[in-house]
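Trainee: I have a structure I would like to understand better, so I am pasting it below and will then ask my questions one at a time.
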Amino acid sequence: MVLETISKIIKTQLPAYLKKFPLPETIGGFARLTVLDWLRLLPLLGILTLLGYLTIRPFLPKKKKQKDSLINLKIQKENPKVVNEIDIEDLKSTNVCYCRCWRSKTFPVCDKSHIKHNELTGDNVGPLILKKKII
């Protein structure tokens, strides 16, 4: 089914398209093309542009991976790591650590990804620790 469709396009529709194709013989002939002629040229120009891009793409400069940026810009910068502990009476478990660096694979729970982030960037972000308040 697919091969029959491709065969029909190549054997029937493509030759019919190329017969009606308004390709001028000189460069100055492009200036004399009508709007309808330009519209007929658009699919071919699009395909040629795509093929040209795909050809030169391996030679284009690669984008550099952006360096991890700081998260904590001004809070307690004098401390090596900012960790806040909050006592809550109604907490079901004894301790819960929440991520504030947005790098945790178990987000929102902290998996200590901030340690690697802090080493790479020089940041001082740490987790938010919720403790069960002992009455």
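Cβ from N, Cα, C; glycine included.
Swiss-Prot lists these features:
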TOPO_DOM  1-37  topological domain 'Lumenal'
TRANSMEM  38-60  transmembrane segment
TOPO_DOM  61-135  topological domain 'Cytoplasmic'
BINDING   Cys99, Cys101, Cys110, His114  [2Fe-2S] cluster binding site
Trainee: So if I measure Cβ to Cβ from His114 ([2Fe-2S] cluster binding site) and keep only same-chain residues at least 6 apart in sequence, which ones fall under 8 Å?
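Mentor: Correct list: Lys81, Cys99, Arg100, Cys101, Arg103, Val125, Gly126, Pro127.
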Trainee: What is the total of other Cβ atoms whose distance to the Cβ of Cys99 ([2Fe-2S] cluster binding site) is within 10 Å?
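Mentor: There are 21 such Cβ atoms around Cys99 ([2Fe-2S] cluster binding site).
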Trainee: Restricting to the same chain and to sequence separations of six or more, state which residues have a Cβ under 8 Å from that of Cys110 ([2Fe-2S] cluster binding site).
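Mentor: Within the chain, Cys110 ([2Fe-2S] cluster binding site) has Cβ neighbours under 8 Å at Cys97, Tyr98, Cys99, Arg100, Ser104, Pro127, Leu128.
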Trainee: Near the topological domain 'Lumenal' (1-37), which residues from the same chain, at least 6 beyond its ends, have a CB less than 8 A from one of its CBs?
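Mentor: Sequence-remote neighbours of the topological domain 'Lumenal' (1-37) are 44.
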Trainee: Around the Cβ of Cys101 ([2Fe-2S] cluster binding site), how many other Cβ atoms lie within 10 Å? Please give the count over every shown protein chain.
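Mentor: Here the count is 22.
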Trainee: Quick check: which same-chain residues outside Cys99, Cys101, Cys110, His114 lie with their CB within 8 A of the centre of the [2Fe-2S] cluster site CB atoms?
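Mentor: Apart from the listed residues, the neighbours are Cys97, Tyr98, Arg100, Trp102, Arg103, Ser104, Asp111, Lys112, Ser113, His117, Val125, Gly126, Pro127.
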